[in-house]
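As structure tokens, the structure follows; a few thoughts come after it.
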């Protein structure tokens, strides 16, 4: 069974694993229409806030909000650092 390009695009998830709003927005603008879902993890959500998720939704992007705190140590460390700023 062959998969079309559009079907493949709908299955692609891009993780926005950054605390830098400009970097995240540039990535979204560059990839919009070429991916199915943008994942916002704990570090990005803590640093960028719920208004960043609202910005994604207003653009018509699909969002996977991944806010688990029980993660690999490196991710929890970066999230704690982002909270402290």
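Cβ coordinates come from backbone N, Cα and C, glycine included.
Here TrEMBL flags 11-80 as domain 'Orotidine 5'-phosphate decarboxylase'. Residues annotated as substrate binding site in TrEMBL: 17, 39. Positions annotated as active site, for OMPdecase activity by TrEMBL: 66, 68, 71.
The Cβ of residue 17 (substrate binding site) has 15 other Cβ atoms within 10 Å, all protein chains considered.
Residue 68 (active site, for OMPdecase activity) sits 12 Å from residue 39 (substrate binding site), taking the Cα positions as reference. Look at the domain 'Orotidine 5'-phosphate decarboxylase' (11-80): DSSP puts its residues at 35 helix, 12 strand, 23 coil. Per-residue pLDDT, averaged along the domain 'Orotidine 5'-phosphate decarboxylase' (11-80), amounts to 91 for this model. Comparing Cβ neighbour counts within 10 Å across the recorded positions 39, 68, the minimum falls on 68.
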